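Quick notes on the structure that follows.
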Amino acid sequence: MASNTSVGQKCLSPMKATSNGFFQGDNPLDYALPLAILQICLVVVLTRGLAVLLRPIRQPRVVAEIIGGILLGPSVLGRSKSYLEAIFPPKSLTVLDTLANLGLIFFLFLAGLEIDPKALRQTGKTAFAIALAGIGLPFALGIGSSFLLRATISKGVNASAFLIFMGVALSITAFPVLARILAELKLLTTDVGRMAMSAAAVNDVAAWILLALAVALSGSNTSPVVSLWVFLSGCVFVICLALIVPPIFKWMASRCHEGEPVEEIYICATLAVVLAAGFVTDAIGIHAMFGAFVVGVLFPKEGPFAHALVEKVEDLVSGLFLPLYFVSSGLKTNIATIQGLQSWGLLALVIFTACFGKIIGTVMVSLCCKVPLRGALALGFLMNTKGLVELIVLNIGKDRKVLNDQTFAIMVLMALFTTFITTPVVMAVYKPARRKMDYKYRTIERKNSDAQLRILTCFHSARNIPSMINLFEASRGVAKREGLSVYALHLMELSERSSAILMVHKARKNGLPFWSKGRRSDSDHVVVAFEAFQQLSQVTVRSMTSISSMADMHEDICSTAESKRAAIIILPFHKHQRVDGSFETTRTDFRWVNRRVLEHAPCSVGILVDRGLGGTTHVSASNVSYLITVLFFGGPDDCEALAYGARMAEHPGISLNIIRFVVEPETIGEISTINMQENAGIETKSSAEEFLSRFRNLQKDDSVRYEERAVRNVTEIIAAIRGADRSNLFLVGRMTEGALALRRRSECPELGAVGSLLIAPDFSVTASVLVIQQYNGYTCPNLDPYMEEESPDKDSESS
């Protein structure tokens with residue numbers, strides 16, 4: 001017996017940190033550091049690969065991580081003993097679990113940042129009732145099913161702890177996963193999305209309280225007095241944190257200013273507080289993650305401090321350390337333990353109980369609160385979403401011997417199943433009706449030129465803001481008009497990062513999914529810039545934020561344009577100008593967003609190639625002095641560009657130069673004419689002539705200059721354009737009736753032949769360019785043939 005004990009101790013002897021290398025006769029897999037590196041790389045590659053495979057069916061990344069953990073464990077790959085001994089030997093599990101729990105501590109701190117106590121206090125009665133039903137009925141059914149499990153496969157476990165663990169496991173709603181599913185499905189704007197987010201936040205906090213109680217009851221000491229002391233000590237610790245920590249963090253946040261880097265000492269101090277709180281809760285007898293979570297909840301959410309902290313922590317934690325927790329869980333999950341009719345029947349019972357309790361409880365209360373049936377069903381399935389918190393509950397139960405191997409495997413499969421079905425079921429049962437807006441002015445060109453012009457402008461960063469504001473100033477027209485109304489839409493990508501969920505909260509707090517109303521942070525310099533412009537001019541500007549994946553971003557843009565009755569959408573070009581004048585791609589995904597908007601827009605579209613219109617600051621109305629040139633070849637897009645130019649010409653500081661190119665009839669070869677009459681609703685040549693006639697009569701006005709150029713070849717056209725190199729802005733149509741045969745040179749067909757020529761590296765023009773496509777009620781013509789050689793799937797994966 002002693003011999004066996006000593007052998008066991010020898011097998012589990014601690015590993016040395018680093019090896020001397022192959023050449024010294026050492027196997028790196030026998031040492032802790034190289035083995036941990038291999039484990040991390042294997043986990044990251046597998047889980048990210050599964051996430052890519054599951055993305056087409058819109059599954060959250062947590063599903064891929066749970067499946068990856070199961071695949072690496074004894075259920076699949078672990079059936080090979082040689083694999084387990086080489087990659088996940090028992091003596092390495094201590095290091096693996098330590099890294100996993102360290103990552104879990106910081107991730108739970110980030111999860112706490114996602115919970116806003118102020119928002120919880122403002123939860124409506126309907127959401128609160130749904131949250132209570134979503135906790136109460138599943139908790140009761142979980143306790144009921146625990147009696148059956150204890151009588152069959154979980155004999156001899158701590159009865160009280162097992163009851164509470166089962167109740168908590170069945171009543172949890174994964175708040176971060178739910179938020180991402182709602183954003184993916186475009187449900188954040190709906191009543192269902194609002195209620196689901198509010199109810200899930202309440203559910204999340206209640207689940208943590210119940211879990212703390214379960215952990216207190218699951219100690220090795222069976223005395224109820226000890227469990228009571230653990231629970232009371234945890235409550236006292238939370239109260240002390242609530243009194244001491246927030247003032248310190250608020251003082252730190254007050255010393256962090258927008259646009260300035262956050263001092264390293266504040267970041268280090270915060271992370272040290274997180275670890276210290278974890279140490280205290282672990283010493284009390286509650287898991288270390290509780291302390292980290294409470295610190296995150298108490299941390300101030302506004303200002304640059306929280307965002308800087310998240311940016312510095314989340315990628316390392318979520319990308320490298322947290323996946324180890326799923327592997328740690330997967331190594332404990334052995335699906336092979338579910339054997340026989342009884343075990344599989346219990347699995348079906350647990351899944352049915354979990355779904356029945358959450359869905360039926362939520363649906364019944366929702367119907368009582370007069371929520372429509374489809375919305376109530378969607379709420380039920382959304383509230384049934386599980387995730388990382390579910391695995392945390394199960395792993396704590398497993399570590400404390402409350403859950404055996406078979407029960408643990410059953411509960412993990414239940415969590416995977418309920419999360420997996422959420423997205424497809426919600427997509428099937430709930431499709432919010434999107435009303436088709438019928439409004440009159442979808443173009444700038446119109447009979448009533450005094451009608452209000454509504455512009456939706458989009459931006460990805462603050463880089464384009466000065467030029468956008470100067471463009472608005474030039475577009476505001478004269479006082480007798482109804483005016484100019486601008487909607488500035490900040491496009492943000494929804495990702496798996498915690499900072500994306502913080503943005504969702506910010507958007508949700510002030511009007512889903514846009515924060516155009518209500519309070520905002522005074523440090524938001526983009527909003528401040530637009531508000532300052534609004535006060536200095538007669539232009540109404542409303543700032544908004546859209547949060548969506550790159551694949552769906554165009555839908556937000558188009559639906560917003562329709563809901564705001566915009567006449568034109570102005571998009572930034574996907575390249576920005578360097579100091580030397582050349583263009584650098586900002587992000588390839590933005591190009592495909594622009595392309596999809598061109599195809600599906602409910603109004604006219606303009607793509608702005610920004611070369612610093614007016615410089616890097618807002619130019620006041622009295623100091624505006626621009627020369628704007630319209631290159632007119634014919635066709636509806638050129639007419640739209642000319643209509644925009646005519647409005648700009650009303651500004652006292654703007655001169656308009658119209659160059660009408662007339663292709664001589666005998667010309668062939670380099671200049672080709674595209675027949676635009678095939679598309680219904682397109683202006684004829686005679687209507688274009690009629691449109692131009694009033695500009696010929698305006699030449700007596702010093703601010704408008706009209707000229708016609710007869711051209712015979714591309715060289716003459718290029719020479720004429722070079723002659724207008726003093727312009728500050730070119731307005732051109734994307735598709736022209738008398739188009740240049742320059743397709744072979746066009747790298748950016750979304751700009752059209754003329755627009756591509758104006759940004760060519762060998763072209764000396766330095767003015768900004770606005771390429772305009774007029775709305776005609778159809779998808780944009782002739783875009784796909786230019787793009788055949790490329791595919792958006794190849795280089796526009798949303799992260």
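Even glycines carry a Cβ here, placed using N, Cα and C.
Note that the coordinates shown come from a computational prediction; the quantities given were computed from them, not determined experimentally.
Positions annotated as transmembrane segment by TrEMBL: 31-50 (among others). If you look at the transmembrane segment (31-50), the same-chain residues 6 or more away from its ends with a CB under 8 A from one of its CBs are 15-19, 61, 64-65, 67-68, 71-72, 87-89, 92, 95-96, 99, 319-320, 323-324, 326-327.
The annotation domain 'Cation/H+ exchanger transmembrane' is assigned in TrEMBL to 47-425.
If one looks beyond the transmembrane segment (62-78) by at least 6 residues along the same chain, the residues whose Cβ comes under 8 Å of a Cβ in the stretch are 42-43, 46-48, 50-51, 53-54, 84, 88, 174, 177, 322-323, 326-336, 387-388, 391, 409, 412, 415-416, 419-420. According to TrEMBL, the feature transmembrane segment maps to 62-78 (among others).
Positions annotated as transmembrane segment by TrEMBL: 98-115 (among others).
As annotated by TrEMBL, transmembrane segment applies to 127-149 (among others). Sequence-distant contacts of the transmembrane segment (127-149), counting only residues of its own chain at least 6 positions beyond either end whose CB sits under 8 Å from a CB of the stretch, comprise 162-163, 166-171, 173, 194-195, 198-200, 202-203, 206-207, 210, 346, 349-350, 353-354, 356-358, 360-362, 364-366, 368-369, 379, 383, 407.
The annotation transmembrane segment is assigned in TrEMBL to 161-183 (among others). Sequence-distant contacts of the transmembrane segment (161-183) (same chain, at least 6 residues past either end, Cβ-Cβ under 8 Å): 58, 60, 62, 111, 114-115, 134-136, 138-143, 145-146, 149-150, 154, 193, 196-197, 199-201, 203-204, 207, 210-211, 213-214, 217-218, 350, 353-354, 357-358, 382-390, 393-394, 396-397, 400, 402-403, 411, 415, 419, 422-423, 426, 494, 496, 498, 500-501, 504, 513, 547-549.
The transmembrane segment annotation in TrEMBL covers 195-219 (among others).
The transmembrane segment feature in TrEMBL is assigned to 225-245 (among others).
If you look up TrEMBL, you'll see 266-299 (among others) marked as transmembrane segment.
If one looks beyond the transmembrane segment (344-369) by at least 6 residues along the same chain, the residues whose Cβ comes under 8 Å of a Cβ in the stretch are 125-126, 129-130, 132-134, 136-142, 144-145, 148-149, 152-153, 170-171, 173, 195, 199, 338, 375-377, 379-381, 383-384, 410-411, 413-414, 417-418. Marked as transmembrane segment by TrEMBL: 344-369 (among others).
Here TrEMBL flags 376-396 (among others) as transmembrane segment. Only residues 6 or more beyond the boundaries of the transmembrane segment (376-396), in the same chain, are considered here, and those with a CB under 8 A from a CB of the stretch are 60, 62, 66, 104, 107, 130, 134, 165, 168-169, 172-178, 181-182, 187, 192, 195-196, 199-200, 203-204, 207, 211, 214-215, 218, 287, 289, 322, 325-326, 328-329, 332, 354-355, 358-363, 366-367, 403, 408, 411-412, 414-416, 418-419, 421-422, 425-426, 429-430.
If you look at the transmembrane segment (408-430), the same-chain residues 6 or more away from its ends with a CB under 8 A from one of its CBs are 57-60, 62-63, 66-67, 70, 75, 169, 174, 177, 181, 184-185, 187, 192, 329, 332-335, 337-338, 343, 346-347, 350-351, 354-355, 358, 374-375, 377-378, 381-382, 384-387, 390-391, 394, 397-398. Here TrEMBL flags 408-430 (among others) as transmembrane segment.
What TrEMBL lists as domain 'Cation/H(+) antiporter central' is 483-623.
Taken from TrEMBL, the feature domain 'Cation/H(+) antiporter C-terminal' covers 628-777. Taking the domain 'Cation/H(+) antiporter C-terminal' (628-777) as a whole, pLDDT averages 73 in the prediction.
Within its own chain, the transmembrane segment (195-219) has Cβ neighbours under 8 Å at 115-116, 119-120, 123-124, 126-128, 130-132, 134-135, 139, 158, 160-161, 164-165, 167-168, 171-175, 178-179, 182, 187-188, 226-228, 230-231, 234, 285-287, 290, 293, 362, 366, 371, 379, 382-383, 385, 389, 392-393, 396-397, 400, 402, 508, counting only residues six or more beyond its boundaries.
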